[in-house]
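What TrEMBL annotates here:
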type	residues	note
TRANSMEM	B:23-45	transmembrane segment
TRANSMEM	B:57-78	transmembrane segment
TRANSMEM	B:85-103	transmembrane segment
TRANSMEM	B:109-132	transmembrane segment
TRANSMEM	B:139-157	transmembrane segment
TRANSMEM	B:216-235	transmembrane segment
TRANSMEM	B:266-288	transmembrane segment
TRANSMEM	B:300-333	transmembrane segment
TRANSMEM	B:345-365	transmembrane segment
Ligand SMILES: Nc1ncnc2c1ncn2[C@@H]1O[C@H](COP(=O)(O)OP(=O)(O)OP(=O)(O)O)[C@@H](O)[C@H]1O
Ligand SMILES: [Mg+2]
């Protein structure tokens, strides 16, 4: 394989007394879909936040395209081509869809040398990107607060896909989506991966992970069980790893294998 | 089978909305209705009192402009998610600073004005910095500055001059190049022409015989208009405007999306202080003196104008045009009751009623627009 685009080396993150990450190492390659799996509170969101410049790791090193990277603010990561859909979406309900879509990345048009927000362009792109994801908006000026949970999630994903030039990080992007929108998202992941973009995909759904994942890293209580390549693990093994234990096996029996 | 995906143009779940409705459902609606209501009221009750003569116009126009200058700053700051309760004290402080520097220390007035602007904007920046770095509510931090600044405004002139009012600014400002930018009047020629053409009244006797009763538009009004236009364009037409909305809507989400939230908030505190200083400078130039009690309660008047204008107290939503209408309502009601010969204490009653009605209407509109619960 080629050079990894992001190398995370023994990343540790402490929040006061809480050790959220206790030394996690993962390499992300261009053109792969890297699934991050793990139980609630395992540290997945914290891990990707160190990647997208939201948190500074307490210890450890991050290399971006071979160079040590020091993203002080999310903006730096964004400028480097890393776009993130956070679990809590980072959308502002009071603002319109297109204002949200371009938040922090506003397109400008110079009139008499003064840069103005190019609303026309922003509205057009927003509508087009949303249509691609299978959502029809009333208009680009509709407030995000009037959208359903899944529609909001779709806006966040469309935004990240639009801006993720090199790396696309998705933190549980399908948790609120309907069947059609979910398959849209999975298809989009597949599409951008083929364009050579690295995708980091967090999910609690083994089937979604298996549908698009090339490699799987399982986190458990702040450390990693290691990374498995597609074909090396069975869905059952993966599910056991994700749950971090055996009790699931008994549960699964009583639920008729629906988990 | 024809399970066509609905096109954006014709989604059957989206009701056609009339143009009128779209035009009405906007943050300024409360302010617009209030303005119409107030003007109708005074046209009916005070039309023959001279309220709508050129001098009358100038009278309430100037008062409204005063409110508007501080409302623009308060509006942008409120949309960015913060309050500034020190606006009134800042007005007193800035005026006193100009007087002490220009009169007591004898600096040229332009230098006194420039130093005061720099000083006050930095103080605004400092309160913003404290709010952003400590995470304390701006309500508390600026309340502290309300007392600190007012305290200095009373203490310093007593220490230096043994009085609480410093006069003599008009003399000191004589021939200054910067002072007329705040205390002067423009368009004098236009009014003379209007007077000669018989379109507005002229003095019929006295030393100013033949001159128009209104001899120009005060710079205060020009400042208000410039600040309103600047604020409106900044908010709605620039990327910084988007950051203001984002910072007030949800600071955490904005940060995660790469918006420099802290910088935006600090700059808005500085802008609010700048507006307060403009107000103070105009006032000092008009009165020719600075007093320790100037600007009292102005912070609330600014906030009320902003809220009448449709802004959300918790940030992330609002309109500069709305705030300007709020200021207009304020000015017209305050001066209009005087023209109508109504007891001035009723000003408060009337204002309270308007405030309540505008805010109820605004809340309803905002829910329609934003889907807020
Ligand atoms: N800002 C914070 N301050 C303190 N503790 C935190 C903070 N953020 C995360 N934690 C803690 O770190 C641990 C890992 O949290 P994280 O959000 O990364 O889990 P997760 O794997 O994303 O879980 P989920 O699947 O529920 O989203 C949790 O125990 C959490 O309480
Ligand atoms: Mg998470």
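Numbers run from 1 along the shown chain.
Glycine too: its Cβ is placed from the backbone N, Cα and C atoms.
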Problem - Positions whose Cβ lies under 8 angstroms from the transmembrane segment (B:85-103), at least six residues beyond its ends - result: 70, 73-74, 109, 111-113, 115-116, 119-120, 123-124, 127, 139, 142-143, 145-150, 152-153, 156-157, 160, 166-169, 172-173, 272-273, 275-277, 279-281, 283-284, 289-300, 302
Exercise for the section: Look at every Cβ pair spanning the transmembrane segment (B:23-45) and the transmembrane segment (B:345-365), keep those 6 or more apart in sequence, and say whether at least 3 of them are under 8 Å. Expected result: yes
Exercise for the section: Compare B:57-78, B:216-235, B:266-288, B:300-333 by their Cβ pairs under 8 Å to the transmembrane segment (B:345-365) and return the stretch that comes out on top. Expected result: B:300-333
